[in-house]
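Asker: As annotated by Swiss-Prot, domain 'SF4 helicase' applies to 194-451. The feature ATP binding site is assigned by Swiss-Prot to Ala225, Arg226, Pro227, Ser228, Ile229, Gly230, Lys231, Thr232.
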Amino acid sequence: MKTRSEIENRMQDIEYALLGKALIFEDSTEYILRQLANYEFKCSHHKNIFIVFKYLKDNGLPITVDSAWEELLRRRIKDMDKSYLGLMLHDALSNDKLRSVSHTVFLDDLSVCSAEENLSNFIFRSFNEYNENPLRRSPFLLLERIKGRLDSAIAKTFSIRSARGRSIYDIFSQSEIGVLARIKKRRATFSENQNSFFDAFPTGYKDIDDKGVILAKGNFVIIAARPSIGKTALAIDMAINLAVTQQRRVGFLSLEMSAGQIVERIIANLTGISGEKLQRGDLSKEELFRVEEAGETVRESHFYICSDSQYKLNLIANQIRLLRKEDRVDVIFIDYLQLINSSVGENRQNEIADISRTLRGLASELNIPIVCLSQLSRKVEDRANKVPMLSDLRDSGQIEQDADVILFINRKESSSNCEITVGKNRHGSVFSSVLHFDPKISKFSAIKKVW
């Protein structure tokens, strides 16, 4: 965490930038003056300038260096020179970063700094109180208080960000992160590589990737199926495509299988040797060599398996944040949703709803796809064709609401072909694809055409 002086200096820099934009950009002025209050300013000069700008605006007077200086003199504020206003105007006009970065970005930064400062002050006071009476307070209670305040600060920061409205043009044109910039980069990526995955990742299945974008950054993706149909196999196969073929960083949180079991499935997938043969050790020299080669392949990849994951939602959320921060993962897989416990204990339906909302929020917050496996209710077993529907998602309709993409896997017991149905796609079309599935090696592949 930054020191308090570093936070204050950063806040004063942001105040300076915002007042400069208010001075030269009329479309920014009203918004900035409406969103801020004078007590939020750290620098007394900036606070006085803000008060004067607001007075001039409220009285229909132009906001210029001269008009602001005259009002400051009228209020007998003499601890600041007119040249400070002139420098503010000059920097706002000549600094490319100040001109290109939207005022809403600066406002967001200011709210984050404010939350960071409040949290820093709280931690400082809490440790002082604990050091004065170490025997009267539990260190675990202190940590719990800090954790609660941290969660509150994060929630407050994001609520402030989401509460601020932004014009359509601002969102469209904003510097390097606006909609126009993203569309141009997508076009450049498509022209260069003939694919549409600038801000998304291919699943590795051409038929699916040609029809729609599944693993877009920020997407909350659900893979749902009946037991023993291939949910975990599809997730592992997709993760291998990402980590090995595409050289992406992948996090896999398994609440059901051990790390060793997952790695054996990965080895079976890469070598084409059945999981049963690997378990028995019934391998030829050539097969053992293939296993060793697969080991070298995965050694070069960034595939992180967390099989000792706690079942509590808050601990899983912390683990995901840590994987993103420390290991810079691009995609997270969770196996599976119904094994997670939430502190909302009124009933299981409310628990699942809380879990779904939290994972959806994490995908958006961390700007990565989070793929979560889910069970289906027994209703699908009662239907003759056993084709899954959105209403079959187990325990909560909230999953259907929160998910950006929902994939269903359907396979007849006697068939080696699986139908992958996109039952929901918030940002694209729904469709179906058929893949070949080899359960012995947990591998999905395109169906070979017979000519």
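Residue positions begin at 1 at the first shown residue.
Even glycines carry a Cβ here, placed using N, Cα and C.
The structure displayed is predicted, hence computed values, not measured ones.
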Asker: Which are the residues of the chain, Ala225, Arg226, Pro227, Ser228, Ile229, Gly230, Lys231, Thr232 excluded, whose CB is within 8 A of where the CB atoms of the ATP site average out, their centroid?
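Answerer: For the ATP site, the extra neighbours are Ala233, Ile409.
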Asker: Let me make sure I understand the structure: which of the binding-site residues listed (Pro227, Gly230) has the fewest other Cβ atoms within 10 A of its Cβ?
Answerer: Pro227
Asker: With H, G and I counted as helix, E and B as strand and the rest as coil, say where DSSP puts Gly230 (ATP binding site).
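Answerer: DSSP assigns Gly230 (ATP binding site) to coil.
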Asker: Mind checking which of Ala225, Ile229 has the fewest other CB atoms within 10 A of its CB? They're the binding-site residues.
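Answerer: Counting other Cβ atoms within 10 Å of each of the binding-site residues Ala225, Ile229 gives the minimum at Ile229.
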Asker: On the 0 to 100 scale, where does the mean pLDDT of the domain 'SF4 helicase' (194-451) fall?
Answerer: 85
